[in-house]
Amino acid sequence: MLNRRNFIAAAVGVAAAGGLAACAKKEDSASNTSGSSGDKAITLGFSQVGAESGWRTANTDSVKEAAKEAGYTLKFSDAQQKQENQISAIRSFIAQNVDVIAFSPVVVTGWDAVLKEAKAKKIPVVLTDRSVETSDESLYVTLVGSDFTDEGRRAAKILEKVLEKAGHKGAVKIAQLEGTTGAAPAIERAKGFKEVMDADHKDDWKIVVSQTGDFTRAGGKQVMAAFLESNPDINVLFAHNDDMAIGAIQSIEAAGKKPGKDILIVSIDGVKDGFVAMSEGKINAIVECNPLLGPQLMEVVKKVHDGESVERWIKTKEGDFMQDQAEAELPNRKY
Amino acid sequence: MTTTSRWRALTHHQLFWPVAVLVVLLLVNIPFTPDFFSIRMSDGHLYGSLVSIVLFGSPLILVAVGMTLVIATGGIDLSVGAVVAIAGALACSYMSGQADQNALSGVLLAMGLALLAALVCGLWNGFLVARMGIQPIIATLIIMVAGRGVAQLITDGQIITVNSEPYKLIGGGYWLTLPFSIFVVAVVVAVTVALTRRTALGLLVESVGGNAEASRLVGIRSRRIKIMVYVFCALCAGIAGLMISSNTSAADGNNAGLWIELDAILAVVIGGTSLLGGRFSIGGTVVGALVIQTLTTTIYTIGVPTQTNLVFKAVVVIVVCLLQSPKFRAKVFGTKGRGRATGPAETAAVAEAAPKMEVSR
């Protein structure tokens with residue numbers, strides 16, 4: 001999720017590679033394991049976007065592990081950032097008559113036809129992480145994934161705590177490092193943060209500068225270096241992901257300031273390196289965006305398979321972490 | 001009369017327009033950041049916007065210098081961004097496997113390994129272009145696409161963080177109060193200028209770019225020259241890759257050096273080197289790269305809204321390119337100038353222009 005932009009870049013790259021080696025289309029790996037529809041174990045067909053980032057790799061591992069633990073037969077297929085791969089994977093799941101289909105859609109639109117085929121065969125479809133736009137809402141049962149807008153709201157809420165703990169008084173001058181321009185997490189995290197800010201802190205909080213750092217360390221570092229020159233009075237940094245915060249920390253230190261003290265830092269994601277920085281006192285709080293949705297997905301799959309009703313959007317279980325929890329949480333970080 | 005002719009000589013110097021744009025861009029920052037030009041000491045090293053521009057711009061300068069020579073031979077190298085990613089990924093993944101990341105020998109070995117990989121990439125490009133006769137844009141596209149995959153393979157799709165003080169020096173450290181990368185860039189630029197302008201090498205490169213077949217017929221080993229410039233370009237990209245990963249102490253196979261090839265080509269063009277090959281200006285390229293980095297910093301400091309970043313950049317680039325075009329200048333400034341110009345200057349301009357036109361016919 002922290003790297004949707006990479007997905008686009010990778011997609012462009014993959015498309016170009018496809019152009020060079022026109023016949024390199026991947027055999028979809030959904031044809032392994034015994035297609036045992038007579039077994040009692042649930043068979044789950046899962047089509048992943050690809051492996052574009054550490055977040056995504058952790059997401060894949062989580063799904064695989066959880067399926068193993070739950071004792072389900074998992075048919076896993078990697079779409080390599082291509083919708084046509086994903087559609088053919090879903091078709092092959094339908095042909096094999098799996099019990100439930102789950103997938104993280106590569107793109108938002110263009111799913112109606114294949115989802116109708118699934119519906120005709122009465123195979124329930126669960127979306128993970130990302131949503132789709134369809135003409136017919138009944139084409140998928142539920143979405144298991146994060147709420148980016150809420151992550152923004154939680155970041156603002158946790159900033160209140162951080163300010164209180166630091167004993168901060170006076171104006172709060174916030175620098176915002178945005179994610180890739182146009183990416184859903186960037187837009188929605190900014191929206192959620194602003195919502196809380198406008199509602200509760202209209203007078204005392206102000207975003208003095210805001211710029212995209214492209215979700216990367218190098219981006220965060222460069223943008224922050226410029227921010228510190230143009231607005232030396234910044235005292236809070238809100239970064240849309242940990243990597244940008246880590247980059248910004250290096251610039252803050254180069255400017256002779258103390259990250260976490262002179263400039264309070266709140267970021268989103270909760271990757272391992274973010275927690276390392278937090279345990280060193282350089283990040284004040286992290287709002288988690290959890291890729292480990294495997295166990296939750298398996299629960300939902302079971303319910304859907306048993307015909308129980310589920311909510312339309314099942315939000316990933318996510319935590320908020322303050323500095324004093326960093327040490328304890330660090331060993332639990334898998335990605 | 002003398003002042004006008006001096007002014008004319010100045011504006012006709014190939015570095016005039018790039019430098020003018022750079023100065024204007026720097027000045028634009030003053031209303032937004034009053035102490036933009038101030039440089040102060042912080043933590044025992046110099047600190048300020050100008051220092052940041054040079055520090056963050058160093059990798060681009062290196063890549064662009066390498067690109068200049070490739071373009072001078074009439075080629076182009078799209079693979080530099082991928083080479084940046086591979087070099088950073090190799091160096092960091094090698095170091096992260098070491099017990100003591102601060103050991104100088106390990107760091108040097110990691111950097112050597114990375115540069116070796118860059119060298120291989122360069123040889124491959126050169127081989128395809130010079131020996132196989134493949135169009136440079138296609139030949140280098142192969143590594144551009146596949147190389148990033150290789151980098152991701154090396155890093156396993158993750159961001160590899162290293163904790164090595166000696167490695168941090170090359171792209172993020174300071175030496176004699178200045179960013180160390182400045183010294184690296186200075187050495188590379190000085191060596192390149194010395195090799196191309198103090199020896200016949202530059203002339204050979206230009207003649208290969210001007211007409212490869214004619215150069216071969218007069219006895220220049222044009223294939224060898226071509227392979228050499230691709231290797232040089234890849235090596236520059238490799239060093240830039242070390243700098244970029246050292247700057248953040250992390251290798252990011254997905255993003256390191258992403259689209260840097262386009263920035264580098266732009267820097268070369270802004271610097272006045274013709275994409276057709278046949279002549280080049282290393283000094284112009286350095287200024288061009290600084291223009292691009294200053295533009296980026298300016299966008300951050302003056303608070304351009306995120307959504308309009310690219311439009312802003314595009315407008316500036318269009319203006320720069322138009323200013324560089326003699327035809328455009330003649331159309332716009334020429335007519336204006338004639339209106340205002342005094343008699344003698346006008347006749348001088350006509351007198352100067354006339355023989356040129358005849359020659360061109």
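Every residue gets a Cβ built from N, Cα and C, even glycine.
No curator has checked TrEMBL annotations; they are predicted automatically.
Summarising the annotation, TrEMBL assigns transmembrane segment to B:15-34, B:46-71, B:78-97, B:103-124, B:136-154, B:174-195, B:227-244, B:256-277, B:284-304, B:310-328.
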Tertiary contacts of the transmembrane segment (B:136-154) (same chain, 6+ residues out, Cβ under 8 Å): 70, 74-79, 81-83, 85-86, 88-90, 93, 121, 124-125, 128-129, 230, 251, 253-254, 256, 261
The transmembrane segment (B:174-195) and the transmembrane segment (B:256-277) contact flag, 3+ Cβ pairs under 8 angstroms: no
Cβ pairs under 8 Å between the transmembrane segment (B:284-304) and the transmembrane segment (B:227-244), at least three: no
Distant-in-sequence neighbours of the transmembrane segment (B:256-277), which means Cβ under 8 A and at least six residues beyond its ends: 14-15, 17-18, 21, 59-61, 63-64, 66-68, 71-85, 88-89, 144, 151, 206, 208-210, 237, 240-241, 244-245, 283-289, 291-292, 317, 320-321, 324
Top Cβ-contact partner of the transmembrane segment (B:310-328) among B:15-34, B:46-71, B:78-97 (pairs under 8 Å): B:15-34
Same-chain residues at least 6 beyond the ends of the transmembrane segment (B:15-34) whose Cβ lies under 8 Å from its Cβ atoms: 49, 270-272, 281, 283-284, 287-288, 290-291, 294-295, 297-298, 301-303, 316, 319-320, 323-324
Distal contacts, the transmembrane segment (B:46-71) - CB-CB under 8 A, six or more residues away: 29, 33, 35-40, 77, 80, 84, 136, 171-172, 174, 177-179, 181-182, 184-185, 188-189, 192, 196, 205, 209, 229-230, 232-237, 239-241, 243-244, 247, 257, 260-261, 263-265, 267-268, 271, 273-275, 277, 280-282, 285-286, 288-290, 292-294, 296-297, 301
